[in-house]
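Structure first, commentary second.
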């Protein structure tokens, strides 16, 4: 069997010219058995190496961001070669990829939601960095930079993380009324998206403690606990993220954990001496050249712009809330946060408006 295999390989490499493979040459050498026969060719080319940032790249909604990626050959081949660059967005479990863009030379094609927002940044030799303009909330995640040179294919992964805030959300109907698809929609209605696990974990590490379970973007149901207590998994469990695991996306119902990033505009407060109904509040914002703020707007303004107001105001979903950065008497608990009066059917309050820059 070994003699048959050796004879087959020798036949494949017995031609007088050097076969060409992927831009590199294979060289014939004499074997060390002294029988005058050629030994099997060996590869005498260069190794393709692709490198991205080892640290996460941070950005925020509405910004422009560059995901760095460079490639090189070891040893260096000198002249620039015509290679293919492909960027993909990965799921957290790496099981599926979303095409972002493909480029060959100066020609490139972006796909899906990245059309018009993505291009290759090539200011230096062997650069394959990806530029994403007008960053969207759902752009958060891992990206693969893949460089293809003939049959050579190497890649590396870079993590894009949006600076933002996670907030729990219940609809007016009350606790545990949302299936997965409804949870996606209510977060979108509030200027946000369903949070992913990394975002919830970051929020927990910053102090988020919430005993009601909520949907995450991967279809799991979880909740963050800083202070263990009996109704929240028990007093003997350590602090952490409690998980119900994946749930049925149509049949099971929970709350939602939404994620919102920094704002492109400003949130401001309007009031009257006798307050306003919800409809009057909406009209007041329109008269001011703005719209009534959503819950995600208020949380983002509280976290990133330091909005501090001890006056309750209407929001677009019919809830009444107010943001406190510096806790003080008559403004709720002793911790900073966004206070909620729920969804009052009656009452007159001020209003929080949102206006883009």
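Here, residue 1 is simply the first one shown, and the rest follow in order.
Just so it is clear, glycine is given a Cβ too, placed from its N, Cα and C backbone atoms.
Listed in TrEMBL for this protein:
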DISULFID  211-232  disulfide bond
DISULFID  310-331  disulfide bond
DOMAIN    46-158  domain 'Ig-like'
DOMAIN    165-260  domain 'Link'
DOMAIN    266-355  domain 'Link'
SIGNAL    1-15  signal peptide
- Grab the pLDDT values for the domain 'Link' (165-260) and give me their mean, rounded. 96
- Listed in sequence order, the residues of the same chain lying six or more positions from residue 232 (disulfide bond) whose CB sits under 8 Å from its CB are 211, 223, 225, 242
- CB neighbours within 10 A of residue 211 (disulfide bond), counting all protein chains shown, number 14
- Query: residue 331 (disulfide bond) has how many other Cβ neighbours within 10 Å of its own Cβ?
  - Reply: 15
